[in-house]
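Peer 1: Look at Swiss-Prot and you will find 124, 174, 178, 295, 327, 379 tagged as substrate binding site, backed by sequence analysis. As annotated by Swiss-Prot, active site, proton acceptor applies to 176, 294, with the evidence given as sequence analysis. Marked as Mg(2+) binding site by Swiss-Prot: 202, 204, 205. According to Swiss-Prot, the N6-carboxylysine annotation covers 202. Here Swiss-Prot flags 334 as site 'Transition state stabilizer', drawing on sequence analysis.
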């Protein structure tokens, strides 16, 4: 099964149809070079299709192959440019599925272009008939390729300096309801939340420029709220102004206006596409702005474990592309997030080097070559009563966004913000004192609530509310003595 079967010489270029594994796309003896891009695919062949042939077909169709032999291959350095599948393993506990390791020569990709990379890696091959399903699980991006990208426009260190916030997670909230508010009422929500103790507020993914609130009106009221809250609290505040629009010209216009109004941060949605994301990241770097990315739409291709693209790959692409914030899961919230898998996402965002960690879904070592770090964002169904869990699981370099957990507070928005700020600072103090804050968390919160009525109301309202559903995306690996959960 693992023997090389490549046909070489004149027979290799004889007209007609030839199996991919015989065309040079299956090379089990190949040793990947340090400069190779490596992709790990989960391949589910159609019934009766040889898994080696299926994996070789993925290599071929994502690089130089077509359905028949073409003599023009001989006009190229074909041996170099063919992607090479060098390893195929059965997926543990998933009959009929296989992990295929495929190496691509670096010269196959345009430097610094996510769009070009994805056109090959997740292009036509995902519609290939011999496959029931195909998922891109992970990638190893060589240093030589990583260095062609800008990376996060601002980075965690500079963002903290700009915000003058150190030693704790940043706090935020998404304005609710996400649609329907007038500009004046929208700005009021922003002001109350920032005045109450949050660092950021945020537009939601689908608030752009609708009949009930034009984008310019929203920007004006929001920045009036930010400036007023800053003056009252003496702290630097921000609000993510969503500049997502129909064209790049519109997005640049909105971003420039946000900058003119004094905003330190703008926001875009993942659905604008890779080229637009990189374009906005370059604008943000040039204009000293923090760039927040809402991952709107990602679950259409990241959530199912047998088909699509893993979010760990999206996180890698977005760190290359140059965003400063990305929603990366909450573990304890309402949105998809297996704890081990989510830790892998956070490590991709925040570490200079990611070692292979199979239990967290990281299949390769990844060196980030001094690219800035990307701030992960946790949002969706979290509240003050989970603060000890959030700090333990996600660390301090994270934005914790309590939308409903702020705006849904029974005493009002400002009280909701205060409850979250007091809960966080109580937990940070306990951590700094060396206490076992994870296990003592409820006790720490209860004590803090004795002198903070808003926190007591939050704990009484949401109690132990959580969303314990089984994750659809968990790591697949075979446990060994050196790799155990």
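Cβ coordinates come from backbone N, Cα and C, glycine included.
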Peer 1: 178, 202, 294: which of these recorded positions has the highest Cβ count within 10 Å of its own Cβ?
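Peer 2: Compared across 178, 202, 294, the most Cβ atoms within 10 Å surround 202.
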Peer 1: Please report how many Å separate the Cα atom of residue 205 (Mg(2+) binding site) from that of residue 295 (substrate binding site), as a whole number.
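Peer 2: Distance (Cα to Cα, whole Å): 8 Å.
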Peer 1: Spatially, and counting Cα to Cα, which of the recorded positions is closest to residue 178 (substrate binding site)? Options: 202, 204, 294.
Peer 2: 204
Peer 1: Looking at the recorded positions listed here (176, 202, 204, 294), whose Cα lies nearest to that of residue 124 (substrate binding site)?
Peer 2: 294
Peer 1: Same chain only, sequence gap of 6 or more: which residues have a CB within under 8 Å of the CB of residue 295 (substrate binding site)?
Peer 2: 270, 311, 314, 326, 327
Peer 1: For residue 204 (Mg(2+) binding site), find which of the recorded positions 176, 294, 379 come within 10 Å, Cα to Cα.
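Peer 2: Those close enough are 176, 294.
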Peer 1: Please report the distance from the Cα of residue 379 (substrate binding site) to the Cα of residue 294 (active site, proton acceptor), rounded to the nearest angstrom.
Peer 2: 10
Peer 1: Could you tell me which three-state DSSP class residue 294 (active site, proton acceptor) falls into?
Peer 2: strand
Peer 1: Going by C-alpha distance, which of the recorded positions 174, 176, 294 is nearest to residue 202 (Mg(2+) binding site)?
Peer 2: 174
Peer 1: Taking just the CA atoms, what is the gap between residue 174 (substrate binding site) and residue 294 (active site, proton acceptor) in Å?
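Peer 2: Distance between the two Cα atoms comes out at 11 Å.
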Peer 1: If you skip the near sequence neighbours and keep only those at least six away, which residues in the chain come within under 8 angstroms of residue 176 (active site, proton acceptor), Cβ to Cβ?
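Peer 2: Result: 189, 204, 403, 404, 407, 408.
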Peer 1: Identify, among the binding-site residues 124, 174, 379, the residue whose Cβ has the fewest other Cβ atoms within 10 Å in this structure.
Peer 2: 124
Peer 1: Output the one of 204, 205, 327 that, of all these binding-site residues, has the highest number of other Cβ atoms within 10 Å of its Cβ.
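Peer 2: Of 204, 205, 327, the one with the most crowded Cβ is 327.
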Peer 1: How many Å separate the two farthest-apart Cα atoms among the substrate-binding residues 124, 174, 178, 295, 327, 379?
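Peer 2: Of all Cα pairs among the recorded substrate binders, the widest measures 37 Å.
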Peer 1: May I ask you to report the DSSP-based helix, strand or coil state of residue 124 (substrate binding site)?
Peer 2: helix
